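Over in Swiss-Prot, the protein carries these features:
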type	residues	note
BINDING	172, 174, 176, 178, 183	Ca(2+) binding site
COMPBIAS	241-255	compositional bias 'Low complexity'
COMPBIAS	643-652	compositional bias 'Polar residues'
COMPBIAS	682-696	compositional bias 'Polar residues'
COMPBIAS	703-743	compositional bias 'Low complexity'
COMPBIAS	776-790	compositional bias 'Pro residues'
COMPBIAS	791-802	compositional bias 'Polar residues'
COMPBIAS	840-853	compositional bias 'Low complexity'
DOMAIN	15-104	domain 'EH 1'
DOMAIN	48-83	domain 'EF-hand 1'
DOMAIN	127-215	domain 'EH 2'
DOMAIN	159-194	domain 'EF-hand 2'
DOMAIN	272-307	domain 'EF-hand 3'
DOMAIN	273-363	domain 'EH 3'
DOMAIN	308-341	domain 'EF-hand 4'
DOMAIN	863-882	domain 'UIM 1'
DOMAIN	889-907	domain 'UIM 2'
MOD_RES	2	N-acetylalanine
MOD_RES	229	phosphoserine
MOD_RES	244	phosphoserine
MOD_RES	255	phosphoserine
MOD_RES	259	phosphoserine
MOD_RES	360	phosphoserine
MOD_RES	364	phosphothreonine
MOD_RES	369	phosphoserine
MOD_RES	558	phosphoserine
MOD_RES	670	phosphoserine
MOD_RES	695	phosphoserine
MOD_RES	715	phosphoserine
MOD_RES	732	phosphoserine
MOD_RES	791	phosphoserine
MOD_RES	795	phosphothreonine
REGION	229-260	region 'Disordered'
REGION	611-860	region 'Disordered'
């Protein structure tokens, strides 16, 4: 495909007018470019298949530009000629000699002279794409837009209504009341031209007719169309009569004597066209009977684009024998008339001229009646004259009848046209009916779809209603809950208000109590001050009392002096004791009178009664007779007599109104009791609440008694199992000294540390065993013997002398079957260590008491070299085992990795 093209000078003869005319048809403006759509539309007229045309396009446009220049178009024409001549479609075939290409009727001079502007659509490709977008946006139905949908688009142009109406009439080419995609593009093109101040044509010019709406000429391989019903036979039969009448009228002036045989006239159908029409006839004559019917040529005739009335007239002209079928010459004549109308616009004649009659149907000319009449004039026979007159009469009648026939034929022709128009109307109505049925089907489909949507909406509505009911119920329940919560909240608020009021009341009471306490504290301070003053007075009284006692002692000494007076001395020589001590006693008494002197009574002074020597100095008179607090007692009332938190209404009363001490004066003293020695029963300071009350029995300390694990028999060092011998006291291990003797496990224990203290009541019975006897478990299997060390001969432990293991009291000897054994019960489990020593020798002989049986022989390891050899072997063996374990571990890791990789691989 990329091979270099052969120069045009070698491909196409210079100045070929046929190629120039073809190029002018596809590029009338000589732009030098032929678009793909124009080239494809033109090349399809060659009758070649799409595959061959695609190959021709690839060879003509090797660079893939999407269009053809003049040289490429010439190459395409040359390749079309190669394909039509039977040559291979390649670039090497361009140099071959071949006939020019044929593009249906374009090879005819008539088609060659046709205006090239008619083969191109004036709507450009980019405009068509834009108009197609607008067309799709209007939502066409079955590819058509109604006037209601197109009207808003046209009205947006602001053009006059008469111009828009003319645009609609011009664009609706098939007059179906709808616009398809191409017709809509024509309408939009006219609107844009009108907006550019171009006049709207009254008739749609051929360049604006879409390619799909253009009337095609009949060409080889095409499939034209013919009317469904052939013209009536009456009209078809009447056609030759016109010719006969015309011929009669035209030849009536001829003299019968001068009737001359006309020379043969050439047929109007050219020979080249006759050959081409014969090819079409052979393709159309499927039954090969030499005739084609109206159904067989219907599509060929309709493909020309002519009206059905005109095609019916052409059929009537061609069917000269009125057989309803066309022979080969008649078919060629009909195709000639169609070609003349399509290419030149020449209407077919009303009657066939002599040159139009097929050559095979040309016969002897019709004999002229006038010649017969003239010949009868020269006969001279009367009968012949009568016959001539009769013939003339008949001719006149015939003429009148022919006139009637022509009138009736004209009426029939009119009726036929009316019928044809009605048939056309019927066809249009049928097509409209089909469209309406299609619309009805669409409407029914839409109705069904809407019914389905309606059913879905009903289901959705029912669901929504159900949801609404559920939500309504939920809302009602929530409202009920809200109401209940509101009532609860209201009650709680009431409770809160009551609690607040109660709190306020309590706070007020607390404030009052605090005030009362403060007042009580103030009174208490006053009382304390008074008490302090009273205490000071008491102290002064005590000091005076001490002075009195000293005076008493002094008086006593004076009495002793009296007693020591000798008998010979006269009593008068001694001074009076009262007079002697009066001044001193007065000073000591602080101004006491003689009547108040406690030492005035001599009987009492010299009495030997000890009780009478110490009378109460305050017996005669109460020193605290006057109570300083008697007027206003601060403790007159009990401040805690009423509950301040009770529900009773609080009264503003004095919290200290009641005197707790009103019944008895705390400072009152009787004449017989000392105020400072007698204690009040209710004195809160008489006893210390934290001192130990000797009257209460003291608690017994559970740990105050003897140690539960102590032994009453442990009173001497000799009974201590660890007192005589340290089991680890020996610093040398050369002998068995200091080790427990396990050979005495079966012997009954001596009086151990627990035997005396616990006796038979300590652990003689298992505290955790059941009351019933438990069946004894089967005896445990003895442990396997310890393997002998890998060394030479050694002396067993059982053969050691007694000097090696001296006998000593065993602090760990087994507690045998003694009743005092806390760990062994005849009815319970046996001692787990009372069995055979696993380290003892296998000999059944009872070892002597001095032997140290039960220990492994550690001297059997041999000398140092043997021990080193044994250690080496053991280390090598351990190393081999370690390496074997490593190898096994590596193998297991490898197998695990392989298994994991297989598991991760996709199936």
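Quick reminder: no glycine exception, Cβ is built from N, Cα and C everywhere.
Structure with Swiss-Prot features highlighted.
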residue	record	Cβ contacts under 8 Å, 6 or more apart
172	Ca(2+) binding site	178, 179, 183
174	Ca(2+) binding site	183, 213
176	Ca(2+) binding site	144, 428, 431, 432
360	phosphoserine	327, 329
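DSSP labels the residues of the domain 'EF-hand 4' (308-341) in these numbers: 25 helix, 2 strand, 7 coil. When Cβ atoms from all protein chains are considered, those within 10 Å of residue 178 (Ca(2+) binding site) total 20, not counting its own. Secondary structure of the domain 'EF-hand 2' (159-194) per DSSP (helix as H, G, I; strand as E, B; remaining residues coil): 25 helix, 2 strand, 9 coil. A 10 Å cutoff on Cβ-Cβ distances gives residue 183 (Ca(2+) binding site) a total of 24 other Cβ atoms nearby, all chains included.
Mapped onto DSSP classes, the domain 'UIM 1' (863-882) shows 19 helix, 0 strand, 1 coil. Sorting each residue of the domain 'EF-hand 3' (272-307) by its DSSP state yields 22 helix, 2 strand, 12 coil.
Within 10 Å of the C-beta of residue 558 (phosphoserine) there are 15 other C-beta atoms, taking all protein chains into account. One way to see the shell of the Ca(2+) site is to take the Cβ centroid of 172, 174, 176, 178, 183; the remaining same-chain residues with a Cβ within 8 Å of it are 144, 171, 173, 175, 177, 179, 180. Taking the domain 'EF-hand 3' (272-307) as a whole, pLDDT averages 85 in the prediction.
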